[in-house]
Amino acid sequence: MEVMNLMEQPIKVTEWQQTYTYDSGIHSGANTCVPSVSSKGIMEEDEACGRQYTLKKTTTYTQGVPPSQGDLEYQMSTTARAKRVREAMCPGVSGEDSSLLLATQVEGQATNLQRLAEPSQLLKSAIVHLINYQDDAELATRALPELTKLLNDEDPVVVTKAAMIVNQLSKKEASRRALMGSPQLVAAVVRTMQNTSDLDTARCTTSILHNLSHHREGLLAIFKSGGIPALVRMLSSPVESVLFYAITTLHNLLLYQEGAKMAVRLADGLQKMVPLLNKNNPKFLAITTDCLQLLAYGNQESKLIILANGGPQALVQIMRNYSYEKLLWTTSRVLKVLSVCPSNKPAIVEAGGMQALGKHLTSNSPRLVQNCLWTLRNLSDVATKQEGLESVLKILVNQLSVDDVNVLTCATGTLSNLTCNNSKNKTLVTQNSGVEALIHAILRAGDKDDITEPAVCALRHLTSRHPEAEMAQNSVRLNYGIPAIVKLLNQPNQWPLVKATIGLIRNLALCPANHAPLQEAAVIPRLVQLLVKAHQDAQRHVAAGTQQPYTDGVRMEEIVEGCTGALHILARDPMNRMEIFRLNTIPLFVQLLYSSVENIQRVAAGVLCELAQDKEAADAIDAEGASAPLMELLHSRNEGTATYAAAVLFRISEDKNPDYRKRVSVELTNSLFKHDPAAWEAAQSMIPINEPYGDDMDATYRPMYSSDVPLDPLEMHMDMDGDYPIDTYSDGLRPPYPTADHMLA
């Protein structure tokens, strides 16, 4: 009986609205009942209006009530209700006073009647909703046991009809809350959805759960009833509406229900969701991709499942083929999460992810641009050999002119990695004013190491080993970058930044025109100061027998190597050579010849080779007892080290007695020059040896500047997995409980 009443319920609202004017004169501008000066007349008016409303209403709700008793109760309640409605909507207005509301309407101005009508209309609407809310809740509560029974019926037709009724109830808030309060009914809906083969029943049951998922209580009821595995099964449905209801319900569960993510993973939800990326509805794809992001965020296993099911390729395809901003944004969020996974990164890059993301760097959507920038930044260390990135590189150079910290961090980091060991990219960036843009970025960055360090690394790459390297070295000077770069050597800058700056200074010193401005910027005293500090720190650990620790990811031995190598190149200039000598550095350089690190031995021998060109310095080198370690280095496996050692020995032996010179000559001939006449000639004539620093990294020790070193993925603004502050669907926070089409706007 209650179920039948549910079908008649909408009639009540319409009829109440149609007869509502009898309770108020606002609609017609006059009372619908004739005013009376007697109290009896007024009472009769109330009763007449009330009876008219009561007569209509009781056709739905008084079935089964004895006529005499039911009529009396309903007349009393509705009479009082009509009176309350009138008093609430038009307080203080009697039948006689209502005629005063009539006024002549002036064109362009609201009449008194119209102004009075505005609040009354709002109140009327509120009353309609209130009556509906109460009656919906009561009817739904009474019908729940019967509906639960019908949903469990063996007759599919009965089950379908019951599902349709419950679906109608779930569309109204009051009855929906009643449904959520019945675990038995929700469980019956889940069972029906899971077991049915009827498409209409599947559509109704998924729609019911979708409607319930707009409330926290509904989400909990679905979760406790085992709804998640059932919803995951529905992702295989051929019916588009069923797919939509299932994915949006799962999306709401993932957003707001604790434990839902694990439940979806255990139900193999990812394996069902990734193939859905081949659908062609942009709004459906937007919800699906956000589900993937919620599941992959902070969960390495989920990322690998997405990879195994072809997720990177499908996501890149979406970025390449669609223009719907919300879809591009949600897809870029998934790619950003995957971009810190070592296994997913190559797959994204190989699928053309760098190029697809680069397409959107000029989008009008700031949030999309920022996601693409972070993802490019995180992928760039495995994309150093990628082709077709010319437009991306040009856009990144242009992005260096903006003031947004995140944009600058991403642009500098990506440029640093993409110019690593890639001569073509280095040349392209240099030719497109990349050096100038990077210097300006450094000047604006201030103390923001996240910008300054990758910018310096990019400049270090641009100033070495490509056809336009000399142009880049000169460009730094011409754009007044040298003073700013030298200042970065000051403590308390982080050691990674100091290390990158030392390497850049070494490259700048390869250009003779830069020597004077470098000297004016007092670069040599700063390098010597850093060298002494780093060497002392390293020696303390050697003396204590402890392993050299990393400071911010940098070993002090790397700083020693870098400073010595930079001083080696600077010493080619006579003025610089004299300044280095006067700072009493020779004893330290001689000590470095005993280092266990081959690269340090090489740069130490190199700087001594340059200093030995001056007799005073050569004598000082000899006085420090350098001959013994230099003799040993003649047998070094590193050809450059052996050549430098030979040149120093040859120079300091010039003023020795004939016996000493003969012994040195024999040693040189036996160890090095027997098979290398060119090296012998170089040692004799003291021609500076321009051996390039190799690209290969030592197996146990990473050289300071011997190669371009790609930056690791940033542990910020990417996946908090390392990262990142939770992005949301709006520019502010997520809406608490989205409406049915919150993703479809």
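Including glycine, each Cβ sits where the backbone N, Cα and C put it.
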Checklist line | Of the residues Ser170, Ser380, Ser665, Ser707, the one that Swiss-Prot lists under phosphoserine | finding: Ser665
Notebook entry, point to check: Hey, which of Ser28, Ser423, Ser636, Ser730 does Swiss-Prot call phosphoserine?
Noted result: Ser730
Item checked: Candidate set Ser39, Ser99, Ser120, Ser671, residue annotated phosphoserine in Swiss-Prot -> Ser99
Check: According to Swiss-Prot, which residue among Ser125, Ser323, Ser595, Ser685 is annotated as phosphoserine?
Finding: Ser125
Check: According to Swiss-Prot, which residue out of Thr14, Thr60, Thr427 bears the annotation O-linked glycosylation site?
Finding: Thr14
Margin query: Across the repeat 'ARM 8' (423-464), what are the DSSP residue counts per state (helix, strand, coil)?
Written below: 35 helix, 0 strand, 7 coil
Checklist line | Averaged pLDDT, computed only over the residues in the repeat 'ARM 3' (216-255) | finding: 96
Note to self: Taking DSSP as the reference, which of helix, strand or coil describes Ser182 (phosphoserine)?
What the structure shows: coil
Check: So, by DSSP, how many helix, strand and coil residues make up the repeat 'ARM 10' (512-551)?
Finding: 31 helix, 2 strand, 7 coil
Notebook entry, point to check: Going along the chain, which residues at least six beyond the ends of the repeat 'ARM 10' (512-551) come within the CB cut-off of under 8 Å?
Noted result: 473-474, 476-477, 482-483, 486-487, 489-490, 495, 498, 502, 505, 557, 559-560, 563-564, 566-567, 570, 572-573, 575-576, 579-580, 583, 585, 588, 591-592
Next item on the list: Around the Cβ of Ser182 (phosphoserine), how many other Cβ atoms lie within 10 Å? Please give the count over every shown protein chain.
Entry: 18
Next item on the list: Give the residue counts of the repeat 'ARM 9' (470-510) per reduced DSSP state, in the order helix, strand, coil.
Entry: 29 helix, 0 strand, 12 coil
